[in-house]
Amino acid sequence: MHRYRSHTCAALRKSDVGSTVRLSGWVHRVRDHGGVLFIDLRDHYGMTQVVADPDSPAFKTAETVRGEWVIRVDGAVKARTDDTVNKNMPTGEVELYAREIEVLSAAKELPLPVFGEPDYPEDVRLKYRFLDLRRETLHKNIVRRTEIIAAMRRRMGDIGFTEYTTPILTASSPEGARDFLVPSRIHPGNFYALPQAPQQYKQLLMVAGFDRYFQIAPCFRDEDPRADRLPGEFYQLDLEMSFVEQEDVWDAMEPMIRAIFSDFAGGKPVTDKFPRIPYDTAIRKYGSDKPDLRNPIEMQEVTEHFAGSGFKVFANMIASNPKVEIWAIPAKTGGSRAFCDRMNAWAQSQGQPGLGYIFWRKEGEKLEGAGPLAKNIGEERTDAIRTQLGLEDGDACFFVAGEPAKFYKFAGEARTRAGEELNLVDRDRYELCWIVDFPFYEWNEEEKRVDFAHNPFSMPQGGLTALSSDDLLSIKAFQYDMVCNGFEIASGSIRNQSPELMVKAFENVGLSQADVEERFGGLYRAFQYGAPPHGGMAFGIDRIVMLLVGAKNLREISLFPMNQQAQDLLMGAPSQATPAQLRELSIRPIPQKKD
């Protein structure tokens, strides 16, 4: 028999009754029932109940074991009586009667419990992550993550993609977030950078004649902490294709990701045909370029109903500024003053002056609008709004006014708030869509200049002619995102493979041809030697796994994450380097001045 086990703790069944077996694992729980000890023995695969009665030679050792000790148990498999069968355990029809128990490793008193799902301080959980990972839900999440990544690899291979790995040590790139820099010992004063994404390398692969590339790529960004992103590193399914238009990328990736979601959704419905929503439409309907389509609320413009109306706040805004619009947020079943007042109070808590509203109720046989706005604009305008929005008795509508560029994010948050408060969001489904036709440029308010809205290597719609336009902010890009339940899970574009177009695109944001050659020299040179039309995208693996397992945050699907201060509490990183290490790297730290 093997030194440690003949079976795993999930393997034994009724067919094994009468067998002599050996198990090893962690003591999950010990119970004393009338002098008989019951030990739940756990390993990576599952759990088996071990019985040690007072007549067993193993009983003396069994009395000493405690939770999370690692033990080896030899014994006989016996069937449980009908009244003790545990149908919640795969091994619940049998138990192991211990003949010998060997303690392989004792455990100190635990700094946090691993039994159940306690709400424990995050820093304690991260410092003792090796214990935290023993918890059933977290352990299953990590296993499921591995299964999802394996399925991605398999399905990408099935549709003709090949995995290639790109360098981890590379050059610093000026676009995007801050780089993590790695000092060079051989070249004092020079630094490598950890890649924010394999963007330039995968495009170079297409220029090199490869096609249908993918990899499970680690990406590193030195960003300030955000609730929706882990500090330090994250993983993406990165891919690129040659001789394609954006429809080709969509046609390849939509079935693949739908299959991944269907395989791991646990029976929840998954969108069959992903709608393709232009960016401008998404902003106006949902107040976001990553809308949660499980929320049925769609905003509409109702400016005409307030122009010249008795509600002077809106009427005066419209008259004085042609950019002003009034957006309506219809709220089915929200027609109570209490709910409307709660929404108004929430808006004020967000720094807004309030949230105007109308709600409708029947007075006898007549459907009337109620609230201050209804009184000010009159019955005819109120009914016109109701008709436009398709509202009925018991429904409400909220209004946001101003220049859309300044208020659309708040309007989107109000839409989300209303949908959640009214339980309109179906949480037992996955709604996926494409967001397309992103703006190529945007206005940088801080620096008072035009800047790239997203990926600077995207192909602008209209090509070189569009880049010579007087209205740069009107240019759209062949860029697209995939969104699921309000989360961006992928982003991509058709790339610009023309050196002339590349130079012009960067000139429009204030960078010269010399700047382009200096910062993106490898890609710029490659494009001068025959570059195929190409495009691709990258899926955020962490977010996809989080959605599929129903985790509340990204730490619940990551093995050894950092905390929100970008510290690895388990390994003690970041840490100070020794003077000898710094001398080797020709680095002298400059002490920071204290305020």
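The backbone N, Cα and C atoms fix where each Cβ goes, and this holds for glycine too.
The L-aspartate binding site feature in Swiss-Prot is assigned to Glu175, Arg221, His454, Arg495.
The ATP binding site annotation in Swiss-Prot covers Arg221, Asp222, Glu223, Glu488, Gly540, Ile541, Asp542, Arg543 and is backed by sequence analysis. Look at Glu488 (ATP binding site): DSSP puts it in a strand. Within the same chain, the residues at least 6 positions away from Glu488 (ATP binding site) whose Cβ sits under 8 Å from its Cβ are Asp289, Lys290, Asp481, Met482, Gly540, Arg543, listed in sequence order.
If you look up Swiss-Prot, you'll see 199-202 marked as region 'Aspartate'. Within its own chain, the region 'Aspartate' (199-202) is flanked in space by residues 166-167, 170, 173, 213, 238-240, 455, 457, 520, 522-523, 536, which lie at least six positions past its ends and keep a Cβ under 8 Å from the stretch.
In the structure as shown, the Cβ atom of His33 (site 'Important for tRNA non-discrimination') sits within 10 Å of 8 other Cβ atoms. In the three-state DSSP assignment, the secondary structure recorded for His33 (site 'Important for tRNA non-discrimination') is strand. Residues or ranges marked as site 'Important for tRNA non-discrimination' by Swiss-Prot on the basis of sequence analysis: His33.
The CA atom of Arg495 (L-aspartate binding site) is located 25 Å away from the CA atom of Asp222 (ATP binding site). Secondary structure at Arg495 (L-aspartate binding site), as computed by DSSP, is strand. When each of the binding-site residues Asp222, Asp542 is scored by how many other Cβ atoms sit within 10 Å of its Cβ, Asp222 comes out lowest. In the three-state DSSP classification, Asp222 (ATP binding site) falls within coil. Straight-line distance linking the Cα atoms of His454 (L-aspartate binding site) and Asp222 (ATP binding site), rounded to a whole number, equals 18 Å. Summarising the environment of Gly540 (ATP binding site), the number of other Cβ atoms within 10 Å of its Cβ, over all protein chains shown, is 23. When every Cα pair among Arg221, Asp222, Glu223, Glu488, Gly540, Ile541, Asp542, Arg543 is compared, the largest distance found for this ATP site is 20 Å.
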